[in-house]
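So the structure is just underneath, and the comments pick up after that.
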Amino acid sequence: MEPENLTQIAEFLLLGLSEDPELQPILFGLLLTIYLVTVVGNLLIILAVSSDSHLHTPMYFFLSNLALTDICSTSTLVPKMLLNIQTESKAISYAGCLTQAYFFMVFLCMDNLLLTVMAYDRYVAICHPLHYMVIMNPRLCVLLVLICLLISTVDALVHALMLLRLSFCKHLEIPHFFCDLTQILKVACSNTLINNTILLLATILLGFGPVSGIIFSYARIVFSILRIPSTGGKYKAFSTCGTHLSVVSLFYGASIWVYLSSALTDSPRMSAMASVMYTVVTPMLNPFIYSLRNKDMKGALRKLILGVFSFL
């Protein structure tokens, strides 16, 4: 088929998770429930941190930004999925597809970088406790979040602009439930060598770079904890970063699972199912991990909920 640039009129078809009509109501209910739990859970985290003065610390400042990012990331994908299921339509416009891909890349990269910043915060708290509040001052915390946002925005913008140079054919089908960058490149008619090269470089810099920073931070944390003489002191020090380590393991574990699923199977539908884990399920689980394993957060949430009910 002759390539045709359809920037103004092209329409992509998102094949979704299943084409079985009987499964659509179940998928709709499940996705709607996950989305509502994700939004409410992360919103409660943000409100609890902002309303409790005891949580006005760098760790909870970064946590509230992570919660906001998770809300935005899920809101980029799930509402469109629900709309397509409800209207029995798989279509998404060219502009809508690129917009969705852009914002998803922004928030995915933001998640990645925030987890790295939070690892650095735990490193300073445990390895340099006496200088913690001096090093992690409010100005630096805000600056770190802004840097994460800037890097994420620039990275996504580069990929989005490079997509604009591609030509696409008619009747484009994306075997996924959202406009994933790699899937868009696969259905392009023109040469995607430059796009794939930039994607590889970005993955190395913004993938392995943050992971290396997290590993380095936790290596130093472990060495510092091992030097603590008392068992109680070791447990207390490790408990301060246990929740973050759980979220990091969930995020990167799900990402690795998606990569292995794509590499080991030729079924795009199976890869799409695996992608649900880190795009939809992980943002839903983060609030539970931080609230159930953190006494301060549980106390703040309890006061917030009691305050809301007393107001009503």
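Using the three backbone atoms N, Cα and C, a Cβ is placed for every residue, glycine included.
Pulled from TrEMBL:
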- 41-290: domain 'G-protein coupled receptors family 1 profile' (DOMAIN)
- 26-49: transmembrane segment (TRANSMEM)
- 61-82: transmembrane segment (TRANSMEM)
- 102-120: transmembrane segment (TRANSMEM)
- 140-162: transmembrane segment (TRANSMEM)
- 198-223: transmembrane segment (TRANSMEM)
- 235-260: transmembrane segment (TRANSMEM)
- 272-292: transmembrane segment (TRANSMEM)
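Long-range Cβ contacts of the transmembrane segment (102-120) within its own chain (Cβ-Cβ under 8 Å, at least 6 residues beyond either end) map to 59, 62-63, 65-66, 69-70, 72-73, 76-77, 144-145, 147-149, 151-153, 155-157, 159-160, 178-181, 206-207, 210, 213-214, 217-218, 244, 247-248, 251, 279.
Across the domain 'G-protein coupled receptors family 1 profile' (41-290), the prediction's mean pLDDT works out to 88. Using a cut-off of 8 Å between Cβ atoms, the transmembrane segment (61-82) and the transmembrane segment (198-223) share fewer than three residue pairs, counting only pairs 6 or more apart in sequence. Contact between the transmembrane segment (140-162) and the transmembrane segment (26-49) is not supported: fewer than 3 Cβ pairs lie under 8 Å, counting only residues 6 or more apart in sequence. Same-chain residues lying 6+ beyond the ends of the transmembrane segment (272-292) with a Cβ under 8 Å from its Cβ atoms: 15-17, 31, 34-35, 37-38, 41-42, 44-45, 63, 66-67, 70-71, 73-74, 77-78, 104, 175-178, 180, 243, 246-247, 250-251, 254-255, 257-258, 261-262, 298, 301. If one looks beyond the transmembrane segment (235-260) by at least 6 residues along the same chain, the residues whose Cβ comes under 8 Å of a Cβ in the stretch are 66, 111-112, 115, 118-119, 122, 125-126, 211, 214, 218, 221, 224-225, 228, 271, 274-275, 277-278, 281-282, 285-286, 289-290, 293-294.
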